[in-house]
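Here is the structure we will look at.
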Amino acid sequence: SGESGAGKTESTKLLLQHIMNLCKGNSQLERQILQVNPLLEAFGNAQTAINDNSSRFGKYIQLRFQNNTVQGAKLSEYLLEKSRVVQQDIGERNFHIFYYMFAGLSSEEKEMYGLLDPSLYRYISGRFGTSDAAQCWKHKYQEVCNALDMVGFQEQEQVDMQTILAGVLSLGNVTFEPEESDGSVKVSEVSQGWLKAAAVIPYSPWSPSVSCCCSLCIDARDSIAKVAYGRVFGWIVWKINELLAENVDPEVELREIGILDIFGFENFAVNRFEQLCINLANEQLQHFFNHHIFQLEQAAYKEEELPWETITFNNNEPILNLLLAKPLGLLSLLDEQSAFPQATDKTFVDKLNSSFKASLHFQPGRGRVLCFSIIHYAGKVQYTAGGFLEKNRDTLPANVHGLFINSITPLLSALAVLCLAGLLIFLCPHQHSLMMLMERLYSANPHFVRCIKPNSQKEPGVVDSQVVLQQLRYNGLLETIRIRRDGFSWRPSFEEFAER
């Protein structure tokens, strides 16, 4: 754990390499496990204002062993930031894979996928990069292709995947205009070409007979793009798990090491619904850390009746209650408002202001921007409330599910069928996803790797002591040092002690 840009993903890769080396094997499976990372980074990471390779999802990697040899692996992914597909803030980029494709595909391949100059696409803000960046992305694209081959993706599957991604980009350029005769909405004349290029993605809801406003059509277009991308990502994870599953007798008991690499705490100039979800996950991890390091430790000393001066620590339980309590926590109120068709982001914020006016960890927004602030364990974050209800609903237009099934691209159609069959779950509610993760963590024997960011400028070899000290304080690491120094580092069982 640690802030965005502190080195969690890089540490995870090093830890995986170390474990594979300790296995002293050289199997195909071990090489495949190591190839998973560049694949997931390409589709799940993006440049943000504070991190050039920021994980926009959380991943839990389970490694399964028999006789010190890895026998299989399983990935679980949490909270992919699908909204990045259709919108990025200033200084940010879309997911890496889009840029890798533009840099790495040949002219013939681009023509096959219907890809034009990257400056034309709204979903990547018309920005591409320098020639140096393009060279780097070209190399990264080859790494992705090698990883897809190594993990076991068929050539046609890779073609279908890139066809969908190219279709998503073209879909973003489709615009709408009112039909003069009856007031309904149609695809604008200037974007008919983009609609044809996006033909792999279903688009029937926008026929001239649909009577709704342009903004609803835009919402539907963006929803379809997000779901299409989310399903491709979920399918990659599902396919990886299928290929890396252990092939041993079910009766054999396997031992397991799990590694959690999850997005770090974020505080941008503009913080949205995604940052709230990310920071909630970090609040829960901090509480998990406090529970193991302070509460369980001191309870053991009390049970043994040892002389002990209780160490106080910054308990973030009140913040979790503010966010998660039922029926009056922030997320419960958000769900309640999301269920009302007449509710707006403003009615949601008004509800928060009236419900939490006495809370020490909540501050109402000031000024014209619709916002509110949460005093997190890592500091105060102001959230812009626009879009909260829509993103929490995370819904598709009702008539689109069938269109996915009837898509002319076999992969997109297959993903829709798998989703309906319950084999792929892409729209797992945010709270449920986090709850499953925390249940898994509490059942494990945890070891904590705290990553500390040395400076805020993304500079190598520079240590800003104030930035470091701030992280040590809010992470509870100074109190952890005290409890480790004053406590009992070695605690043998009676049998071990007697033997010694």
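Using N, Cα and C of the backbone, Cβ positions are placed for all residues, glycine too.
Heads up, TrEMBL stuff is auto-annotated, nobody curated it.
Summarising the annotation, TrEMBL assigns domain 'Myosin motor' to 1-500.
Among the features that TrEMBL reports, ATP binding site is placed at G2, E3, S4, G5, A6, G7, K8, T9. For S4 (ATP binding site), the same-chain residues lying six or more positions away in sequence with a CB closer than 8 A to its CB are T48, I50, N51, S54, F263, G264, F265, E266.
Annotation source TrEMBL lists transmembrane segment at 403-428.
Residues or ranges marked as region 'Actin-binding' by TrEMBL: 434-456. Counting residues of the region 'Actin-binding' (434-456) by DSSP class, helix then strand then coil, yields 9 helix, 0 strand, 14 coil.
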Write out, in the order they occur in the sequence, the residues of the chain not among G2, E3, S4, G5, A6, G7, K8, T9 that have a C-beta within 8 Å of the mean position of the C-beta atoms of the recorded ATP site. N51, G264, C451, K453
Starting from the Cβ of G7 (ATP binding site), draw a 10 Å sphere and report how many other Cβ atoms land inside it. 17
